[in-house]
């Protein structure tokens, strides 16, 4: 006859093992989705939407193509997911700056540097944005929460501008959306045109010294503009 005292631990271990199965599957699922998104970023950035191939994305991700379709439906839905994730990533980075705890000048300095460095560290992002602009934003229009995703950023910039004006250091007639477009352009244009500009000016714009100089220029241009008295 079996010993009841030895059966209880065995049943407990079995239950724990059974409970661990869904958790492990969830972790594996999350890893697979992340791998597919990362592979999609690379493929869409390199080849555009039309040139990208689902087979190539699955191969890059080390995933079964059927899993790609299971998680993302089709190529268009995967591209939309990649696009949405790209915007979410930069917005997360901006939130992590906690700009409210800094004075207006330092807060703006940090935002400009972060934006410049994000484009520099993620050249695939500029390529993805270029692809979407070639497509006339037809996929971005399918993502209804994109405006809401950007609203906190605009609100944060507006608050920094208001604090700067109240402190007597910033001009009062600055539109936060126009300002952010300028900030983004200073990073986006440099990264997306780095190869051609390096040839034109016979300088390696990817060198540490050139990048540091360009970042400092970007910060100075924004701060000087904000401190300039309106005409």
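Backbone N, Cα and C atoms are what each Cβ position is placed from, and that goes for glycine too.
Marked as region 'Disordered' by TrEMBL: 1-26.
The compositional bias 'Low complexity' feature in TrEMBL is assigned to 1-12.
TrEMBL lists 16-26 with the feature compositional bias 'Basic and acidic residues'.
Mapped onto DSSP helix, strand and coil, the domain 'HTH tetR-type' (30-90) counts 54 helix, 0 strand, 7 coil. Annotation comment: TrEMBL describes 30-90 as domain 'HTH tetR-type'.
If you look up TrEMBL, you'll see 53-72 marked as DNA-binding region. Same-chain neighbours of the DNA-binding region (53-72): 29, 32-33, 35-36, 38-40, 42-43, 47, 78, 81, counting only residues six or more beyond its ends whose CB sits under 8 Å from a CB of the stretch.
According to TrEMBL, the feature transmembrane segment maps to 179-201.
Here the domain 'HTH tetR-type' (30-90) returns a mean pLDDT of 95 for the predicted model.
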